[in-house]
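Down below is the structure, laid out as structure tokens.
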Amino acid sequence: MSNMKVCVLFRPLNSKELSEFGDAVSVQGINSESFIIKDEKEHEFDLSFDRVFYQGSEQADIYEFLALPIVQGALDAINGTIITYGQTGAGKTYSMEGPSIVDCESRKKGLLQRVVDGLFEAIMKSEKPNKYTIKLSMVEIYMEKVRDLFDLSKDNIQIKESKVHGIILNGTTEVTISNSAEALQSLSVRENETMCFHMRRFIRFGSDMAVHVAENKFGKLILVDLAGSEKVEKTGAEGKILEEAKTINQSLTALGKVINAMTSSTPGKPTHIPYRDSKLTRILQDALGGYSQTALLCCCSPSPSNSSESLSTLRFGARAKHIKASVHVSCKEDLANNKDVTVYTNVDESRERILAKLRERMTAEDVQLLEELFVLEGIFFDPNSVEEMEAAYKDVTSRTISSFRKAVEELSTVVEKMKWENATLKASLKASEEFYQHQLERRSLCLIL
Ligand SMILES: Nc1ncnc2c1ncn2[C@@H]1O[C@H](COP(=O)(O)OP(=O)(O)OP(=O)(O)O)[C@@H](O)[C@H]1O
């Protein structure tokens, strides 16, 4: 079963759509998972997803189905990612944060407020609320640069990989938050300050909530409100805004390429997954490539005027549905010695199996160097790269076998030597016994005389 949960949301018709097409819609619901959508030429497409939220759906229902399991997972140190995708005006931001982050009518609260509330509620209900620390960071990708929205002087954050935390945004400001109100206040202040119109139009922030579950566990929860996915020419943009639109388009194209590569790989054949083609795909590498529970909300307009963009969004979602991600628990031990240990639940067993075998056969230092090399090369996040690991493992195995052979030869020589020593000892023992017997016989002869 795929760990990528893909849902579809059809927002209500807006006033422009109502004035142009009345209440006509291109979507006909079948049930909560399937619907029929017509393109501009009235061709019908029968599609199914994990859940479909039709016009008038409650924000609370979307949260419960899509995000609640991810929030619960984050508290158990399972990384989670929630992404909204769709054309401009399709309802991505509304789904993510409702009409506004703070002072929002309870019913209209979006995923962001509900995730924050859900995290703190779960923590307060837990046996030891004090063992949790929640840190928040917020970044945006602007013109292929990652910018810290809590410290605008950090406008070119580097993306790195760590064994424990996976993809990390190096040096990003982390704000420790102790309740929902504090978190939402931080998020809303930054949003108003930094998102002027042209950026707001194309760029969205991702908030990265790091949940330190316990001293030795760490969960990461990322919410990503993507930029509009429509074709650049549809935006009517010019000049700098056109350049921004093109960059966004490239990063969404890179996201599409990553998803295509992941879902079209042939078993047993290594496939290159182009995570490094854009900052967006690099940041989402964990979420897509294996160490996360991921939910994608495909936001669409139900209007016939937007059916071609809606279909393009739905095709993207249908493709993403086939990504088989894996669940990962991050574990940090021996902080004082800065020694990281990762514990895996159900997956990436191949990697762990190979590493375990390498550990048996190589020195700890060699294994560590090999791991570092693979992390640097991005191999650890590419499930298809297991073949490369297998090749490395075979190489190590053959070297180990020949060193075993040499050891067996040495051992045989030692055994031969010991056999010879044993025979010599036996012979001298026999000689001693004979001598002793001879002496005894002589002594008894003397006594008889
Ligand atoms: N589920 C919904 N219920 C009511 N109104 C909605 C819903 N979704 C979106 N809207 C309205 O539609 C408009 C556009 O939505 P929104 O800003 O969320 O789009 P978007 O996909 O984030 O677009 P952009 O890429 O431009 O940010 C807003 O005025 C919003 O209030």
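Each residue's number is its place along the chain shown, starting with 1.
Each Cβ is built from the backbone N, Cα and C atoms, and glycine gets one as well.
For reference, TrEMBL has these:
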type	residues	note
DOMAIN	3-323	domain 'Kinesin motor'
BINDING	GLY86, GLN87, THR88, GLY89, ALA90, GLY91, LYS92, THR93	ATP binding site
Checklist entry - Do you know which of the binding-site residues GLY86, GLY91 has the most other C-beta atoms within 10 angstroms of its C-beta? => result GLY86
Item to check | Per-residue Cβ crowding (10 Å cut-off), top of binding-site residues GLN87, THR88, GLY89, ALA90, THR93 | outcome: ALA90
Checklist entry - Can you list which of these binding-site residues (GLN87, GLY89, GLY91, THR93) have a Cβ closer than 6 Å to ligand 1? => result GLY89, GLY91, THR93
Checklist entry - LYS92 (ATP binding site) has how many other Cβ neighbours within 10 Å of its own Cβ? => result 27
Checklist outcome for this item: The average per-residue pLDDT within the domain 'Kinesin motor' (3-323) comes out at 82
Checklist outcome for this item: Other than GLY86, GLN87, THR88, GLY89, ALA90, GLY91, LYS92, THR93, the chain contributes near ATP (Cβ within 8 Å of their centroid) the residues ARG11, THR84, GLY228, CYS299, SER301
